[in-house]
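Straight from TrEMBL, the features:
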DOMAIN    40-409  domain 'Non-reducing end beta-L-arabinofuranosidase-like GH127 catalytic'
DOMAIN    422-513  domain 'Non-reducing end beta-L-arabinofuranosidase-like GH127 middle'
DOMAIN    518-629  domain 'Non-reducing end beta-L-arabinofuranosidase-like GH127 C-terminal'
REGION    1-22  region 'Disordered'
Amino acid sequence: MPDDRWISRGPLGQTRHGARRPLAAPPAIARGQVHAWHQRNRQVTLPHGMAMLEEYGNLDNLRRLTGETDADFRGMLFADSDIYKTLEAAAWEMGREADAGLRAFFDRTVDLIERAQQEDGYLDSAYLGRDDRLPWSDFAQGHELYCLGHLIQAAVAAHRAIADDRLLGVAERFVAHVVDRIGSDDAVEYCGHPLVEAALVELHRTTGAEAPLRLAEAFVRRRGAGFLRGVTFGAAYYQDEQPALQATTMRGHAVRALYLNQGITDLYLETGDPAMLDTMRTQWDDLVERRMYVTGGTGARHEDEAFGEAFELPPDRAYAETCAGVALFGWAWRMYLATGAASCLDVAETALYNVVAAGISAHGDSFTYVNPLQVRDERPYGGAAPDARRRWFSCACCPPNLMRTFATLEHHLAAERTDGLDIALYASATVQAHGATVEIDTAYPADGLIRIRVHGDAEDGCRRLALRVPGWATGESVTLRRNGVDIAPRIEDGWIVVDDALLDGTALELRLPVQTTVIHPNPRIDAVRGTVAVRRGPVVYCAVGDVDGLTIDPASVAAAKSTTAESAQGREGRIALGPRLELAGHRDAAASAPLYSSSAPDPASTPATVELRPFAEFDGGAAMRVWLPTA
């Protein structure tokens with residue numbers, strides 16, 4: 001095992017390079033929105049997912065290999081990965097709070113995995129025990145290395161959260177098999193679905209072994225050499241049309257691209273290779289300036305689940321897969337660690353409170369796969385059944401991805417800087433760093449008041465506390481009090497840095513202007529010209545129901561009235577992102593006009609009340625739109 005410098009209890013271990021470092025110990029969460037999400041995840045979502053793995057045959061696929069069933073293989077080629085993601089989430093949850101049900105599932109499933117693994121280390125139920133499919137016969141679509149990546153991440157979680165190394169042994173044996181087969185300098189293979197790259201870096205951080213790190217870098221540097229050409233949707237779908245470190249745009253399958261960039265950013269955080277960070281900065285700018293939905297969704301095309309051209313962001317045809325939201329959240333966090341940029345956290349926050357939160361029902365047992373920004377009455381939500389959310393999917397990558405994301409949220413709230421601590425994402429929590437304990441109390445994002453109290457003194461030279469000011473917050477509206485006295489906050493690059501704050505007894509009160517505002521789209525986004533969106537803090541809103549012909553006056557948004565609001569301390573698991581809103585609008589007479597006419601439509605309209613709710617609260621079964629035409 002590595003020396004103490006590497007000890008970490010979170011999904012990302014301590015890194016060699018970068019502007020920030022993950023916390024060694026996770027913040028404690030006992031109240032607020034993140035706590036509610038934790039409770040929902042542990043009490044509802046994970047037990048539901050465990051049942052679905054039985055119902056959909058994922059676990060029987062492994063039992064085939066141990067002789068416990070003669071059932072045929074069921075599901076997608078990557079069915080094993082859903083098991084590994086669920087185990088990862090269970091480990092993180094058990095690390096926070098013991099749970100007999102999760103422990104029983106974890107133990108029997110790990111035992112099954114150990115028995116299913118082959119003597120040479122190989123493990124993939126989609127290929128073993130079959131005459132029609134051979135291991136390592138399809139690197140483009142086979143997903144074997146992708147499944148290995150999720151196995152590694154589950155193993156790391158079990159090691160760090162509950163000190164259980166059984167999966168770590170399975171993962172290390174599988175990696176040794178891969179190194180022996182395709183790890184040589186003259187090998188050309190890599191996986192059509194990235195993810196293993198980031199996982200291999202994490203295995204290196206966990207064990208100190210160099211072979212996983214070298215293999216991860218080899219997979220990145222091999223990519224773009226043409227190994228995957230001639231496959232479905234073309235090379236760009238797999239980010240294989242040019243060398244990975246020469247690419248300047250986000251292209252191809254959105255989830256694949258974002259996972260690849262997680263891996264490249266992780267490699268930078270270990271190697272310090274400036275070319276890797278330069279490439280990531282360039283692609284990051286391309287994403288946030290040209291190819292990301294206002295909700296943090298990515299992927300404009302259904303056909304290949306891909307990024308479209310620059311500014312190709314149709315609201316009604318948005319794919320915006322839930323997994324892409326999860327992948328963007330993870331890449332944004334890594335980019336923040338690499339650069340220290342508050343703007344990266346703005347993107348993480350946008351994705352979390354909108355497209356990621358939208359992926360799961362308030363109760364926690366039904367899910368969305370795609371998250372469009374407009375739904376018409378004639379086409380139920382995402383093309384799905386009228387009830388919109390589904391209890392599971394035949395391609396069930398999204399639900400367990402949500403489980404592991406919500407299970408690790410506390411690890412993304414703060415990070416160490418060399419001279420102190422960053423509060424990165426706001427939630428009620430207790431954070432420990434540099435010898436000081438920082439208590440945070442807030443109902444964010446429903447409310448913009450953040451109270452902070454420090455207990456104990458931080459080490460000399462490590463007493464600065466940096467508070468993120470989100471990009472949506474205007475400097476004039478941000479206020480700060482220290483020990484009851486108003487002070488003028490100095491905002492630099494999205495941070496308020498408070499000197500000597502990490503001293504016993506320091507009390508800070510930060511107020512961010514969480515209020516209703518209008519968002520105007522770039523005019524180059526053809527699909528939403530002449531419309532606006534409404535946002536309250538980081539939370540994007542939508543109109544639901546009879547939206548045909550509705551228009552709003554942007555100037556009226558500031559006067560919007562709150563209707564029902566759920567307290568952030570409300571019932572466990574409840575989404576509490578903000579109140580419902582009512583604002584003045586109009587219904588156009590032109591809504592009933594002919595499809596085409598030689599004369600201009602009648603501009604007459606009648607007053608109407610437009611009710612808006614957080615985008616994440618849309619459950620389908622009705623028309624919906626985020627971008628609203630202006631009066």
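Every residue, even glycine, has its Cβ placed from backbone N, Cα and C.
All annotation found in TrEMBL is predicted automatically rather than curated by experts.
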Counts of helix, strand and coil residues, the domain 'Non-reducing end beta-L-arabinofuranosidase-like GH127 middle' (422-513), according to DSSP: 3 helix, 44 strand, 45 coil
Counts of helix, strand and coil residues, the domain 'Non-reducing end beta-L-arabinofuranosidase-like GH127 C-terminal' (518-629), according to DSSP: 16 helix, 41 strand, 55 coil
Arithmetic mean of per-residue pLDDT over the domain 'Non-reducing end beta-L-arabinofuranosidase-like GH127 catalytic' (40-409): 96
